[in-house]
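J.: Not my notes, these are from Swiss-Prot:
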- GLY8, ALA9, GLY10, HIS11, ALA12, GLY13: FAD binding site (BINDING)
- 269-283: NAD(+) binding site (BINDING)
- 200-218: compositional bias 'Basic and acidic residues' (COMPBIAS)
- 199-227: region 'Disordered' (REGION)
Amino acid sequence: MYDVIVAGAGHAGTEAALAVSRSGLSCLLVTTDLNAVARMSCNPAIGGVAKGQITREIDALGGEMAKAIDSTGIQFRMLNLSKGPAMHSPRAQADRVAYTAYMKRALEEEVNLDLLQDTVTGIEQREGILRGVRLLSGRLVTGRAAILTCGTFLNGLIHIGMDHYPGGRTIAEPPVTGLTENLILAGFEAGRLKTGTPPRIDRRSVDYSRVEEQKGDENPPPFSFSTPTLKGRAQLSCYVTHSSERTHEILKTGFDRSPLFTGKVQGIGPRYCPSIEDKIFRFPDRPGHHIFLEPEGFETNEMYVNGFSTSLPEDIQIDGLRSMKGLEEVKLIRAGYAIEYDYFPPYQIHSTLETKRIRNLYFAGQINGTSGYEEAAAQGLLAGINAAADILKRPALRLKRSDAYIGVLVDDLVTKEMKEPYRMFTSSAEHRLMLRHDNADIRLMHFGHQSGLVSDAAMERCRTKMRAIGEIKALTEKTAIPAEVLDSLISKQGQPHAASGQKISAAIKRPGMSLEILMNSLPPFREALLSISTDKEAHQQVEIDLKYEGYLKRELLTADKIARLDALQIPSEYNYSCIKGLSSEGVEKLISHRPETLGQASRISGVSPSDISVLMVHIGR
């Protein structure tokens, strides 16, 4: 018997298995192909808007994704630097093959982890408690808990034009059959979603004189808090071209053979990552769309055509690609395709990712209706932490919306109606100024340390940084900038004359002012600050905390109000039907979702503020 069995070794499964085994428990990771561990089946990249923040949070909690991309990245960029700090998001292109090799090596190094090449086709449970899993080989493996991270494999069906093939992630990988049906028999509700991927081309066939080069940053910050620097790393460029009206006309000639428009695809696709044919259909007035050409690694000629996700017939794909600048002679390596797959609407899970119907069974990743490697990895890590915590009799990790993007992700899953693949955006987080990529360690590392996934040394580095931030803030409070120095600085910004000096903590709030400018203008202040810490991340956080102090205080007040509702627990078998005053829709949604707290209940679609007022009175009794 294993403590925990993990089904699937994608981005969710690898993080789940590592979290369990590093907690000191025995774990079995079952996957159809051990050479496809953490495979990047779509874009060869980690991070991006909101996703970069999630990757940093995974690292702070003790996950592996950030270390993996630091080790195998081929281009690193910080996005949205022209916007405020809440929007700054790290992103990296990955060497796809090297990333898989890194993750497989990480799994193989874990002494508590066994790997098995097989397929989970069913679960065994007795009286609502998980007992084990059934494998395609016919074997029964018993376990105290199981985490299902099946990705797009559940009854996967791939579409290219009017042709369709059973496939789990690519045409070469078989789907998982039987598991969906097994779970439905156990009382779960399943649905159908769709996603897609662009074609891959031979980068030697691109005319680089006709496309725009996009280089990486010279000194990008690492994703992992344990990576000292990425300075001097070899990087590859990406390139930008555009679709044209001619491209769109060519692609339209294939719409009568498109599975999207002929009704062959039944699953609902991601709203914010539409196919090129969907973009043409939805935005007919747009003469063109950005297309990004992204290399897939140092040792391959494959290039990913970002922005050209499609399931049109292969001949139409080739003609469409060759109508764009720089791609006139392009060679196709792999056609783009759409894939339909089963998922389980996530109102059926708790915020710990344990299912409500079967104890000790957890769902993580695309089985919950999410899209994206980072969203999947975050869920896998959380499920692994909580499965281990339950066995070890530790408190479960429940992240609030004000704690982390991961908290927002899980709360949205368990409270909102899932009608399409869920993708995280900064706009999804009402506390996004608090949930920046740079402070993920301060927000979350203590949780990872309590779970046994973050070392004492890493936790001490975080505490040292926190102490330095506090001491530097105190220094800015007691150090004043003389009027003549301040006047000289602000006159360069075209600001009114300064009649008197100011504390540095106040002066830094002025437009165009920065900690670096103030340090360079006041040598004694610079010397005192550097004697506290030379950590540039600590300096950056001090500047952000001081500049946005008023906004951060408002976010904290909002978070406190929400926390009061989240502190009011609702019994799991609460009888909503007998409460007078609740709307009929409210009763229906409360019964199906079974919220854990009044705060969760308030965020369920269809539960009105008046319903919450009625509940508050009854629960308060």
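Cβ atoms here come from the backbone N, Cα and C positions, even for glycine.
So where do these features actually land, and what's packed around them?
T.: Of all Cβ atoms in the protein chains displayed, 30 besides its own lie within 10 Å of the Cβ of ALA9 (FAD binding site).
Spatially close to ARG271 (NAD(+) binding site) yet at least six residues away along the chain are GLU420, judged by Cβ distances under 8 angstroms.
Same-chain residues lying 6+ beyond the ends of the compositional bias 'Basic and acidic residues' (200-218) with a Cβ under 8 Å from its Cβ atoms: 75-78, 93, 231, 235-241, 292-293, 295-296, 301-305, 321, 325-334.
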J.: For GLY8 (FAD binding site) and GLY269 (NAD(+) binding site), what Cα-Cα distance in Å is obtained after rounding to a whole number?
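T.: If we compare the Cα positions of GLY8 (FAD binding site) and GLY269 (NAD(+) binding site), the gap is 22 Å.
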J.: Going by a 10 angstroms cut-off between Cβ atoms, which of the binding-site residues GLY8, GLY10, GLY13, GLY269 has the sparsest surroundings?
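T.: With the binding-site residues GLY8, GLY10, GLY13, GLY269, fewest surrounding Cβ atoms within 10 Å: GLY269.
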J.: If the FAD site is taken as the center of the Cβ atoms of GLY8, ALA9, GLY10, HIS11, ALA12, GLY13, which further residues of that chain fall within 8 Å of it by their Cβ?
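T.: Going along the sequence, the neighbours come out as VAL6, THR14, GLU15, ALA16, THR31, ALA38, THR149, GLY151, GLY365, ALA376, GLY380.
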J.: What three-state secondary structure does DSSP assign to GLY10 (FAD binding site)?
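T.: In three-state terms, GLY10 (FAD binding site) counts as coil.
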J.: Using Cβ atoms only, which residues of the same chain lie under 8 Å from CYS273 (NAD(+) binding site) while being at least 6 residues apart in sequence?
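T.: The answer is THR195, SER309, SER371, PRO421, ARG423.
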J.: When DSSP states are folded down to helix, strand and coil, where does LYS279 (NAD(+) binding site) land?
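T.: Once the DSSP labels are grouped into three classes, LYS279 (NAD(+) binding site) ends up as helix.
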J.: What are the DSSP helix/strand/coil residue counts across the compositional bias 'Basic and acidic residues' (200-218)?
T.: 6 helix, 6 strand, 7 coil
J.: Since the record lists HIS11, LYS279 as binding-site residues, which of them has the fewest other Cβ atoms within 10 Å of its Cβ?
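T.: Lowest Cβ count within 10 Å among the binding-site residues (HIS11, LYS279) is LYS279.
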